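Enquirer: Handing you a structure now.
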Amino acid sequence: MENCIFCKIIKGEIPSKKEYESDSIFVFHDITPQAPIHLLIIPKIHITSMNEINSLDPKVIHEIFQVIPKLAEKNGISEKGYRVVNNCGSHGGQTVSHIHFHLLGGRHLQWPPG
Ligand code: 5GP
Ligand code: ZN
């Protein structure tokens, strides 16, 4: 997708701190971390938001959620816990229109969110 910053990150046109990559997904560190660990997990196929999740291959959805506990383990946040967040649309606080899951951990996170 032209002009999508996350598609550009996948292609290496915008630099990022890559954490993990497979044929279907890309994981990198958020540029403005909201916690000591703040990763973004994205499918390589451009879909806009959670509203379009059903157009993703279920294998990719499965892979995203399989990799999250592995990333948590690797980053030392499995035991104390972490949060997985998807912001959808303007009311959800979504600022980048390429679906992404935030993995946040390394500090006690407040609830409810703002
Ligand atoms: P959203 O607000 O859409 O749920 O999350 C978008 C996230 O992308 C934000 O946490 C923001 O800091 C991050 N972000 C935006 N632009 C870039 C970028 O160019 N590089 C990286 N690594 N993260 C970005
Ligand atoms: Zn994109």
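Every residue, even glycine, has its Cβ placed from backbone N, Cα and C.
Got these off TrEMBL a minute ago, pasting:
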DOMAIN    5-114  domain 'HIT'
MOTIF     98-102  motif 'Histidine triad motif'
ACT_SITE  His100  active site, tele-AMP-histidine intermediate
Enquirer: What is the three-state DSSP composition of the domain 'HIT' (5-114), stated as helix, strand and coil residue counts?
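Expert: The composition, in the requested order, is 34 helix, 25 strand, 51 coil.
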Enquirer: Would you count the other C-beta atoms found within 10 angstroms of the C-beta of His100 (active site, tele-AMP-histidine intermediate) for me?
Expert: 22
Enquirer: Grab the pLDDT values for the motif 'Histidine triad motif' (98-102) and give me their mean, rounded.
Expert: 98
